[in-house]
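K.L.:
Next up is a structure, given as structure tokens.
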Amino acid sequence: MMKSLASAVGGKTARACDSCVKRRARWYCAADDAFLCHACDGSVHSANPLARRHERVRLKSASAGKYRHASPPHQATWHQGFTRKARTPRGGKKSHTMVFHDLVPEMSTEDQAESYEVEEQLIFEVPVMNSMVEEQCFNQSLEKQNEFPMMPLSFKSSDEEDDDNAESCLNGLFPTDMELAQFTADVETLLGGGDREFHSIEELGLGEMLKIEKEEVEEEGVVTREVHDQDEGDETSPFEISFDYEYTHKTTFDEGEEDEKEDVMKNVMEMGVNEMSGGIKEEKKEKALMLRLDYESVISTWGGQGIPWTARVPSEIDLDMVCFPTHTMGESGAEAHHHNHFRGLGLHLGDAGDGGREARVSRYREKRRTRLFSKKIRYEVRKLNAEKRPRMKGRFVKRSSIGVAH
């Protein structure tokens with residue numbers, strides 16, 4: 001039925017649509033080898049991008065009758081030149097769309113790009129904190145601002161207004177040179193410069209501290225003079241022996257005293273300057289304390305109670321051996337020297353009180369000395385071994401692992 005209808009329409013000069021066979025064909029698609037009307041051509045070639053690229057030919061309308069009769073009856077005018085081709089064109093012509101570019105770019109885009117570049121460069125720049133440069137820039141900005149119109153800041157007379165015609169209305173918003181100078185002076189004083197270096201000691205509150213230090217030095221000098229005078233007087237008298245309390249205290253408990261002194265110094269620093277001066281005075285008084293023994297008064301009070309010597313024989317006292325060393329030592333040599341002097345004088349301190357106390361003290365000191373010495377040797381050996389041991393990234397490494405790594 002469709003073929004007969006198409007052949008019936010094809011018998012005329014016009015060609016029917018191959019798709020709907022109802023309307024006259026207006027387009028010929030070589031890729032599809034089909035004659036299509038307007039509606040069918042639009043629906044077929046809008047289906048996908050591949051169909052849109054098909055090349056189509058616009059068919060002309062039927063010519064006059066004379067031209068129709070001049071042509072051969074078996075061949076139509078529209079069929080001349082058309083041959084059957086492949087459904088997909090091989091290397092067909094492509095429609096090149098002309099894209100026009102502005103040869104001269106707009107000025108606004110260039111300015112915007114340059115401004116962005118300048119901003120990116122300024123981000124990585126170090127600001128120049130120079131007072132001279134800032135002042136110069138400030139003066140230049142003031143000169144540029146003078147070009148703006150005038151606005152009076154307050155109600156003035158006509159003469160004053162004439163004098164101020166050269167100033168800008170924006171000058172009131174910026175500080176003057178006097179204000180800038182005052183600001184720089186304040187900044188210098190805050191930073192430690194300027195006139196701050198010439199403040200007197202009394203203004204800073206250090207006068208009282210200096211006075212206290214001077215008084216302490218004078219008191220120390222007086223105490224040392226008194227001690228020297230007393231030592232000289234003791235040397236001249238044959239029967240007076242002065243035992244320095246500080247010396248005995250330091251020889252027996254030297255290490256304990258050092259710890260106590262450190263604690264005392266820490267407490268003194270926290271208490272303040274006034275309490276520190278009072279503590280120093282008390283320490284000087286303790287140093288001035290001395291133990292004296294007058295043999296004449298002892299013998300007179302002893303009377304006829306018997307011989308005062310425990311050995312029943314008076315010991316020979318060598319006055320040259322009575323003097324004690326002025327320096328204090330925490331070593332065992334000074335302690336032994338101190339006890340040897342007492343034994344030479346016949347004064348046995350351990351026998352007067354507890355008989356075994358002296359032996360216990362000596363054993364304790366010997367044990368402490370050997371323990372400290374052994375600990376020191378042990379730590380030194382560990383330190384040397386640690387320095388010789390191989391390390392890798394700050395940690396000890398076994399020698400076997402080093403050989404494997406190499």
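Positions of Cβ are set from backbone N, Cα and C atoms, glycine also.
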K.L.:
If Swiss-Prot is the reference, give me the range from 63-95, 327-359 marked as region 'Disordered'.
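P.N.:
Based on what Swiss-Prot states, region 'Disordered' spans 63-95.
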K.L.:
On the DSSP side of things, how many residues of the zinc finger (17-59) fall into helix, strand and coil, could you say?
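P.N.:
Summed by class, the stretch gives 12 helix, 10 strand, 21 coil.
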K.L.:
Starting from the Cβ of Cys17 (Zn(2+) binding site), draw a 10 Å sphere and report how many other Cβ atoms land inside it.
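P.N.:
Around the Cβ of Cys17 (Zn(2+) binding site), 22 other Cβ atoms lie within 10 Å.
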K.L.:
Starting from the Cβ of Cys40 (Zn(2+) binding site), draw a 10 Å sphere and report how many other Cβ atoms land inside it.
P.N.:
21
K.L.:
Under 8 Å between C-beta atoms and at least six apart in sequence, can you list the same-chain neighbours of Cys20 (Zn(2+) binding site), or say none if there are none?
P.N.:
Cys37, Ala39, Cys40
K.L.:
Which chain-mates of His45 (Zn(2+) binding site) that are at least 6 residues away have a CB under 8 A from its CB, listed by sequence?
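P.N.:
In sequence order, the residues whose Cβ lies under 8 Å from that of His45 (Zn(2+) binding site) (at least 6 apart) are Cys29, Ala51, Arg52, His54, Arg56.
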